[in-house]
Amino acid sequence: MSTDPDEREVSPALTVGDGDVDVSLRPRSLREFIGQPRVREQLQLVIQGAKNRGGTPDHILLSGPPGLGKTSLAVIIAAELGSSLRMTSGPALERAGDLAAMLSNLVEHDVLFIDEIHRIARPAEEMLYLAMEDFRVDVVVGKGPGATSIPLDVAPFTLVGATTRSGALTGPLRDRFGFTAHMDFYEPAELERVLVRSAGILGIQLGADAGAEIARRSRGTPRIANRLLRRVRDFAEVRADGVITRDVAKAALAVYDVDELGLDRLDRAVLSALTRSFSGGPVGVSTLAVAVGEEASTVEEVCEPFLVRAGMVARTPRGRVATALAWTHLGMTPPAGANQPGLFE
């Protein structure tokens, strides 16, 4: 039976249950934002420079894996500029007219945030080029030989685009961003600070050791850390005295199948199939997906990125291979002659 990727507690994607809580935990200034020190410093310079000049900053592209705070930074950028924020997403802009309507309603210094900007439809993207560069759009009226193009001015604005796949952006769109910031995964110590702040806002009693325990299982992602904190809170309120200690956190995360490295049932199923059924590989992702009863896209896009980053799975030209760390994590010994990724694979 296949698993809905968004139902996993360790999914970095925004789920329905995250929505309202995610907003309440969102930092309101660069000073409050935890982690990403290099990005924060760069943004502070971009924002302050624009404020000193009394103009709008360059268009800003935020790239990086999901759950690291790109939307939060967009909200902060608008707040730091004292500007209104208009939010939309790439998939919502299917036609050029959708974008034209939004651009025509902007006022000077507004911030327009487009999430998943790599998924914007081509007609809307081509209209965006002109709006970003010249602050105008050409609206086509009529059809066929009688169609005419009417230029419309757009108030000077700042576009903040967010993407998890910067390589999927077309060159012309990427080149129109004056500043690009790449966000990296968080260190456990940074996630501990995120958890302490979130616990304070949510009124959760969180022990220091408990924060460290949750942080190291959060895959370097604040969104996952906050979600696990809420699950542990539920456990503490129902089965303990409401106080989250390290033992309570460990017991709660065991209930939700999140192990000490942040792997869940699906991750371990992939590793188990790779080691037990295929002797460590190499094996193709489609075959591996059949072995665990999942779609190949789920294994490749949901499980594999973290397993590769954690050093448990290696991608080679011949297929996926379990590393020594994967065998160790499962408490197994690699059989003699087990395949290991070569130096140049």
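For all residues, glycine too, the Cβ spot is worked out from N, Cα and C.
A quick note: this is a predicted structure, and the numbers were derived from the prediction, not measured.
Look at Swiss-Prot and you will find Leu25, Arg26, Gly67, Lys70, Thr71, Ser72, Glu133, Asp134, Phe135, Arg176, Tyr186, Arg223 tagged as ATP binding site, backed by sequence analysis. Taken from Swiss-Prot, the feature Mg(2+) binding site covers Thr71, and the record attributes it to sequence analysis. Residues or ranges marked as DNA binding site in Swiss-Prot: Arg315, Arg320. Marked as region 'Large ATPase domain (RuvB-L)' by Swiss-Prot: 1-186. Annotation comment: Swiss-Prot describes 187-257 as region 'Small ATPAse domain (RuvB-S)'. Among the features that Swiss-Prot reports, region 'Head domain (RuvB-H)' is placed at 260-345.
Swiss-Prot feature annotations superimposed on the structure.
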{"residue": "Leu25", "record": "ATP binding site", "DSSP (3 states)": "coil"}
{"residue": "Gly67", "record": "ATP binding site", "DSSP (3 states)": "coil"}
{"residue": "Glu133", "record": "ATP binding site", "DSSP (3 states)": "helix"}
{"residue": "Tyr186", "record": "ATP binding site", "DSSP (3 states)": "coil"}
{"residue": "Arg315", "record": "DNA binding site", "DSSP (3 states)": "strand"}
{"residue": "Arg320", "record": "DNA binding site", "DSSP (3 states)": "strand"}
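Counting in whole angstrom, Arg320 (DNA binding site) lies 26 from Gly67 (ATP binding site) by their C-alpha atoms. Taking every pair among Leu25, Arg26, Gly67, Lys70, Thr71, Ser72, Glu133, Asp134, Phe135, Arg176, Tyr186, Arg223, the residues recorded as binding ATP, the greatest CA to CA distance is 37 Å. A 10 Å cutoff on Cβ-Cβ distances gives Arg315 (DNA binding site) a total of 15 other Cβ atoms nearby, all chains included. For the binding-site residues shown (Phe135, Tyr186), fewest C-beta neighbours within 10 angstroms: Phe135. Counting only same-chain residues at least 6 apart in sequence, those with a Cβ under 8 Å from the Cβ of Thr71 (ATP binding site) are Arg26, Phe113, Asp115, Ala162. If you measure from the Cα atom of Phe135 (ATP binding site) to that of Arg315 (DNA binding site), you get 45 Å.
Neighbour list (Leu25 (ATP binding site), Cβ cut-off 8 Å, at least 6 residues apart, same chain): Arg197, Ser198, Ile201, Leu202, Asn226. Note: the region 'Head domain (RuvB-H)' (260-345) comprises 41 helix, 9 strand, 36 coil (DSSP; helix = H, G, I, strand = E, B).
If you measure from the Cα atom of Tyr186 (ATP binding site) to that of Arg315 (DNA binding site), you get 24 Å.
Mean model confidence of the region 'Small ATPAse domain (RuvB-S)' (187-257) amounts to 93 (pLDDT, 0 to 100 scale).
Look at the binding-site residues Gly67, Glu133 and count other Cβ atoms within 10 Å of each Cβ; Glu133 has the fewest.
If you draw a 10 Å sphere around the CB of Arg320 (DNA binding site), it holds 25 other CB atoms from the protein chains shown.
Separation of the C-alpha atoms of Glu133 (ATP binding site) and Arg315 (DNA binding site): 40 Å, rounded to the nearest whole number.
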